[in-house]
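J.: Pasting the feature list from TrEMBL:
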type: BINDING; residues: 64-68, 129-135, 158, 259, 325, 380, 447; note: (6S)-NADPHX binding site
type: BINDING; residues: 65, 125, 161; note: K(+) binding site
type: BINDING; residues: 417, 418, 419, 420, 421, 446; note: AMP binding site
type: DOMAIN; residues: 18-215; note: domain 'YjeF N-terminal'
type: DOMAIN; residues: 225-501; note: domain 'YjeF C-terminal'
Ligand SMILES: NC(=O)C1=CN([C@@H]2O[C@H](COP(=O)(O)OP(=O)(O)OC[C@H]3O[C@@H](n4cnc5c(N)ncnc54)[C@H](O)[C@@H]3O)[C@@H](O)[C@H]2O)[C@@H](O)CC1
Ligand SMILES: [K+]
């Protein structure tokens, strides 16, 4: 079999983009009725694969999500399952295809009241999908309330009703699903929180929409995966030399020395040829005894700034990281700001994390003004709120948009961290990462991530790719180590993950497997 990773598999479509894909498919000659039939069949198949025969209740809403539900009801009945169906809507307002399948369902259509839940073992949630525009109210809300109270398993069509598929936000009450079957491609809300947690297992079904419609949509969002960036990964060359693999320069502060040491270790492990930690002389001994492969440069008392500038003049220092343990108290804050501004205004490729971001919480514009070259910033939600309060105010429930707006405003690639990290580029591209386990939420884990990013930047990877690759590898290592993980484990386990990654994406591609 030929090895053909496909970048387009990873596209994420918002509700309006999915609507356009649907229309484009119809224009390309696929009847809307066939799309709905295929959608319903995919859901019925997924249910038949996972549950044994039981009493099913299909709850159909007023739009095409309900239309899919009519198809599912008919197919499960044909498979000899006991099926009941309740419809919330009016037949006259159904789309032609939904009306067709309403007619095709020849069983009883019951009143939409919570009593229909009696004796139901499984609910098919065909209430609302991509067309949800406001929180569930009235009968729909009461129904979801009762499903939750009775703890009945749910299979959701497209998205759990009440969830905004474009953002992952709960618009109000949501019926959490054990299984969600969506169509064509995933939606951002299947990956972003709380959406991801409400979907349960996610199945993406092919319903006959031609791949060619993707070309018309100018999509700008993907789920993170090596398919997106492995071609630009700095694979070690047999004729390589450490000087070909770049030289990362990392600023280390005076008191929290562990943070930047983790960053340095991460940068080494991910393959930077050389790593130098530049540290105030007061802390030099601590760093020098702790580090072996990493070099430690002294910044002399009262001339730290000048000494750092001198290091920046050396063209071999091709990627800089500032922030982990840089310091925010009193004079340290001023020094951190100066180091950041110097790195940025000399147009060095720079990673800004932790204190390098918080040091500008009073005047974020000063930071944004200094960003003119390649830059990655890696805020967690707290740091993000300090730098981008207006964006949080205008789009509180839309992490994808918040990260994109922040990237545009600051000019940096923004890595908005969390269990659903979003990586956004100032040009509008965005990637949602979904492989991070809960164990990564531990002190120092972000410092190592900054190290992975600066290490890849030193090897010449571009900021958006480097950030996406680092975040994905960080998640993979987290999974590999598992429960009990501490930040120190992340650099140490990286080689194992890198060899599996290399085997799969580089060697397999080379050998044409
Ligand atoms: N490619 C596609 O786009 C396909 C879409 N299909 C299905 O169609 C769905 C989208 O269909 P629609 O656009 O008709 O949208 P929905 O079926 O999600 O709902 C639309 C209806 O709900 C109403 N509504 C929205 N929020 C409400 C609320 N909180 N309370 C009460 N009423 C509310 C709207 O006014 C509208 O009448 C998808 O989720 C999917 O299940 C499938 O049939 C297959 C093809
Ligand atoms: K639904």
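Just so it is clear, glycine is given a Cβ too, placed from its N, Cα and C backbone atoms.
A quick note: this is a predicted structure, and the numbers were derived from the prediction, not measured.
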J.: Looking at the binding-site residues 130, 133, 158, 417, 418, 420, which ones sit with their CA no more than 10 Å from the CA of residue 65 (K(+) binding site)?
T.: 130, 158
J.: If you count the C-beta atoms lying within 10 Å of each candidate's C-beta, which of the binding-site residues 64, 65, 133, 161, 421 ends up with the smallest number?
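T.: The binding-site residues 64, 65, 133, 161, 421 were compared, and 133 has the fewest Cβ atoms within 10 Å.
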J.: For residue 417 (AMP binding site), what is the tally of other C-beta atoms lying within 10 angstroms of its C-beta?
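T.: Result for residue 417 (AMP binding site): 25 neighbouring Cβ atoms inside 10 Å.
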J.: Determine the minimum-neighbour residue: among 418, 446, listed as binding-site residues, which Cβ has the fewest other Cβ atoms within 10 angstroms?
T.: 418
J.: List those of the binding-site residues 65, 130, 161 whose Cβ lies under 6 Å from any atom of ligand 2, in sequence order, or write none if there are none.
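T.: Checking each Cβ against ligand 2, the ones under 6 Å are 65, 161.
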J.: To test your reading of the AMP site: which residues beyond 417, 418, 419, 420, 421, 446, same chain only, put their Cβ within 8 Å of the Cβ centroid of those residues?
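T.: Close Cβ neighbours, site residues excluded: 380, 416, 433, 436.
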J.: Rank the binding-site residues 125, 158, 420 by the number of other Cβ atoms within 10 Å of each Cβ, and give the residue at the low end.
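T.: Minimum Cβ neighbour count within 10 Å, taken over the binding-site residues 125, 158, 420, occurs at 420.
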J.: If I take the Cα of residue 446 (AMP binding site) as reference, which of the binding-site residues 158, 161, 380 has the closest Cα?
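T.: Going through 158, 161, 380 one by one, the Cα closest to that of residue 446 (AMP binding site) is 380.
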